[in-house]
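Q: Encoded as structure tokens, here's the structure I'll be asking about.
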Amino acid sequence: MLQIGITGGIGTGKSLVCAMFAELGAPIYDADTAARELMNNDPTIKEGVIKHFGAECYNSDGLNRAYLAKIVFSDSQKVKVLNGIVHPRVGEHYVQWRESQTAPYILKEAALMYESGSWEMLDKVAVVTAPLPVRLERIRRRDPHRTEAEILGIISKQMPEDQKIARADYLINNDGETPLQPQIMALHQRWAQGQF
């Protein structure tokens, strides 16, 4: 079974691309969703978060995301500590999920695939790309409460797109003009036959 990573910066359309593959029957592991769920429910992660960032990170509803974000995202060292708590557990969770799959190929969607090192356990990585103005517009529509400065701040904390492109095995152009479906179909047909 081929293991393919799908990554790209915020607003490039990773989730749309994965939804299109899912319609073709590809199993998708969404690492970002898994991380959110594990941060709420995994005792090891909870213990690490509380140890490093305080008990206030959790309330009766689970993870207090706003509180944790306020502490962590202004300090790159604290981001590294948090990622060091969460990413290994997400990796273990992915391996457990992978063992239950039987399709010719599976996809792992993750925004921080290169940053987390999770690409190393995969066979290949596809990077979804889009020009910055297109990405900004998509994010504004999806998250109207975010200012442009906030959006640019998020983008600045991610690996630059040109670095992701340089490391990619495949590129998926989601610029809003190039048809996406033919790109997805071509990759699906290759991967379904076990070919890179």
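Using N, Cα and C of the backbone, Cβ positions are placed for all residues, glycine too.
Reproduced below are the annotations present in TrEMBL:
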| type | residues | note |
| --- | --- | --- |
| BINDING | Gly11, Thr12, Gly13, Lys14, Ser15, Leu16 | ATP binding site |
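Distances, neighbours, how buried they are, the whole picture for these features please.
A: The Cβ of Lys14 (ATP binding site) has 24 other Cβ atoms within 10 Å, all protein chains considered. Following the DSSP three-state reduction, the secondary structure of Lys14 (ATP binding site) is helix.
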Q: Below 8 Å Cβ to Cβ and six or more residues apart, same chain only. Which residues does that give for Gly11 (ATP binding site)?
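A: Non-local contacts for Gly11 (ATP binding site): Ala130, Val134, Arg135, Leu136, Arg138, Ile139, Arg142, Ile151, Ile155.
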